[in-house]
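Peer 1: Handing you this structure, nothing more for now.
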Amino acid sequence: MAAPWEDVLRDAPALREAAAVAVDAALLEGVLMRTEGQPNASDVVNYAPLTLLPSTVPSALFEQAYAVQQDFNLLVDAISQNKEFLEHTLASTIKVDDFTARLFQIYMQVLEEGLAQSVFLGINRSDYMFDCGVDGTPALKQIEINTIAASFGGLTSRMVAVHRQVLKVLGKSKEASRLLPNNPSQGLALGIAKAWELYGSPSAVVMFLVEEVQRNIFDQRCVENELWNRNIRVIRRRFRDVFEKGSLDDAKRLYMDGQEVAVVYYREGYVPKNYDQQNWEARLLLERSRAVKCPDIATQLAGTKKVQQELSRPGTLERLLPGHGEAVARIRATFAGLYSLDMGEEGDKIAATAVAEPDRFVLKPQREGGGNNLYGEELRQVLEKIRDSPERTSYILMDKIKPQPAINYLLRAHSPLQASACISELGIFGVYIRQGKEMVMNEAAGHLLRTKAIEHADGGVAAGVAVLDTPYLV
């Protein structure tokens, strides 16, 4: 998949000029992050890390990823409503993974009390890589689906303008005009706005639930500003604010500082370090409320790695999506090999294979946010240590995807300009809304391309490894 700017990669002065243009364009367009030194202050900011040039993506695989997104939205929603499936699938995990167990405990408590929530909003992002099989033909393979706090929909909405400018400066105006428009922040905001409207209280607010450290605030502001433009009030609060000032009335309406909350949009709460005892109590309060949670706790559980592995078993998709044969086929076509490490003969066998051939696999814990997966020698050491212990059931094994690297330049503040062999990951944002049993909205809402140097096995943009990119379809 040669890019139509291979000639430029040999022109050092032109690349230096283009890099300066790219940095200024990123600052001009608002592709920004706060600094590590001052993560909660916006008076010192820098550009978010990005590629100098767009990366080539096979157009057939790009179209396939978009075509299957509504199917994945349906699947996530179906899982979130299937108590028996979640109970059965997570039974072994909750015995050994305290974080998943705490989420599951809240899920069961809220179900027993009876759901106060009647409108359900899902914002997810399904991530893929392009696997070059034995014959070298690239195939779309799903890495994971993120059902909580799926980020970078805002900043990626501004990346096309940056790369258009760079290509023009490099004398590639024709190629610049071929970059696809992309605005996930608008698509995500449309979903939140529709959920707010269906909640049915014009004076109620949307609450962004945010982390203590907010380096990625501008990504969230892109979505937030779309809501303000529709005259929907937005407040930003942390778990501890909810613990201290959140309350429910008799009808289980949620109030923060005296304001009724229609929608809670989680940009936090996806890893154990987000929680102490107070934060768990705040999460329970939110889940018990009538407010539309994005996601509700059942949908967060639907995004666990253990669920992903269970979906790959023969017959599972058919049971979850009866009568959706074509959707099932489209979904299954994106699956890489996924294997259970549950105790028993099947788990023993796959654990032994992975210890013997660690470079064939990825070992994944039940975590979101990047930087958690284990590869190669590290995978072998961990599996050898836990292979005879129930602790292994808190992980799943997945075939390692082998994409074709391409040369690009990764621009980071205070880093030298140097060529790297890179691989990319394509994410498609999905938005759906269900009211009672009726699906009111089900859409693909834009894409995100992230690229990293091949020496980094794992990690996203927020984890400091991948950088923002734009697909150039070939």
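Cβ from N, Cα, C; glycine included.
According to TrEMBL:
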BINDING   R125, 148-151, 214-216, Q220, 267-270, R450, 461-462  substrate binding site
BINDING   E144, K305, 364-373, Y375, 398-401, E425, K452, D458  ATP binding site
BINDING   E144, N146, E368  Mg(2+) binding site
DOMAIN    204-302  domain 'Glutathione synthase substrate-binding'
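Thinking about packing and proximity, how do these listed features fit into the structure?
Peer 2: Around the Cβ of Q220 (substrate binding site), the number of neighbouring Cβ atoms within 10 Å comes to 22.
Other Cβ atoms within 10 Å of the Cβ of K400 (ATP binding site) number 18 in total over all chains.
Within 10 Å of the Cβ of E144 (ATP binding site) there are 19 other Cβ atoms, across all protein chains.
Per DSSP, the domain 'Glutathione synthase substrate-binding' (204-302) is made up of 40 helix, 26 strand, 33 coil.
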Peer 1: How many other Cβ atoms sit within 10 Å of the Cβ of Y270 (substrate binding site)?
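Peer 2: There are 22 such Cβ atoms around Y270 (substrate binding site).
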Peer 1: Can you give me the average pLDDT across the domain 'Glutathione synthase substrate-binding' (204-302), rounded to a whole number?
Peer 2: 97
Peer 1: Taking Cα-Cα distance, which of the binding-site residues E144, N146, Y375, K400, K452 are within 10 Å of V461 (substrate binding site)?
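Peer 2: Cα within 10 Å of V461 (substrate binding site): K452.
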Peer 1: Looking only at Cβ atoms, how many others are within 10 Å of the one on V461 (substrate binding site)?
Peer 2: 25
Peer 1: Hey, what's the Cβ neighbour count for Y375 (ATP binding site) at 10 Å?
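Peer 2: Step by step: centre on the Cβ of Y375 (ATP binding site), count other Cβ atoms within 10 Å, giving 15.
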